[in-house]
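Below is one structure; the comments refer to it alone.
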Amino acid sequence: MITIAQVAGIFQFTYHLIAGPMLLLFAEKLFNYPIFYKFIHEDPDKFTPTKSDTEFLSILGGMFLFLGFIFLICFFTKNRKAMLVISAGQIMIYTQIRNILKPFRDVDYILSVTLVEFILGILTAILVITDFVMNYPREREEEKKRFDEKVAKVKKEYGIKDDDENDKDKDKNVKETKEDKKAKKNN
């Protein structure tokens, strides 16, 4: 059964595995399409991309591709901790880039690209935390069962008896000594 955290992973790796190669391979060509200018909130008549703009988009595409594979691994391993850490990183990156780029002009497109990361980071964090809260009692129970099984295995391996069994053995020994005393009295 797919968990809510895995749904967040699906959103993340789908976006990153589509946007990553597109930015990585076609960074220079993307500026030829008017729809890309709408996505980055720039006017095609006023904005002229430089070599550093296309290089930045290529680097961003490589990072997206890497994140896509990380989320794909998280999807199959159901690793909520890694997903939460990455989503926190996405949120922090957007806020830090926004603070750094405030004084600069003609770099608003960077904020547009990272805004999607910010939104996905928040969405992922919410879904992962919701999944954790919903599944906490069940997972705690399963963890306790696994621990009890390991303890039982170790006790069996080393011949350690439970306290209850030791108490029963002591009671049995006490009863035997009482019976022995009665038998001696009768003889």
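Each residue, glycine too, has its Cβ placed from N, Cα and C.
Remember, TrEMBL labels are computer predictions, not curated facts.
Since this is a predicted model, take the numbers as computed values, not measurements.
Per TrEMBL, the feature region 'Disordered' maps to 161-187.
Distant neighbours of the transmembrane segment (7-27): 54-55, 57-58, 60-69, 71-72, 74-75, 83, 86-87, 116, 120, 123-124, 127-128, 131; these residues of the same chain sit at least 6 beyond its ends, with a Cβ under 8 Å from one of its Cβ atoms. Residues annotated as transmembrane segment in TrEMBL: 7-27 (among others).
Summarising the annotation, TrEMBL assigns transmembrane segment to 56-75 (among others). Sequence-distant contacts of the transmembrane segment (56-75), counting only residues of its own chain at least 6 positions beyond either end whose CB sits under 8 Å from a CB of the stretch, comprise 6, 9-10, 12-13, 15-17, 19-25, 27, 30, 82-83, 86, 110, 113.
Summarising the annotation, TrEMBL assigns transmembrane segment to 82-97 (among others). Within its own chain, the transmembrane segment (82-97) is flanked in space by residues 5, 8-9, 12, 67, 70-71, 74, 110-111, 114-115, 117-118, 120-122, 124-125, 128-129, which lie at least six positions past its ends and keep a Cβ under 8 Å from the stretch.
Taken from TrEMBL, the feature transmembrane segment covers 109-136 (among others).
Residues 3-5, 7-9, 11-12, 15, 19, 39-42, 47, 53, 56-57, 60, 80, 83-84, 86-91, 93-95, 97-98, 101 of the same chain, all 6+ positions outside the transmembrane segment (109-136), place their C-beta atoms under 8 angstroms from a C-beta of that stretch.
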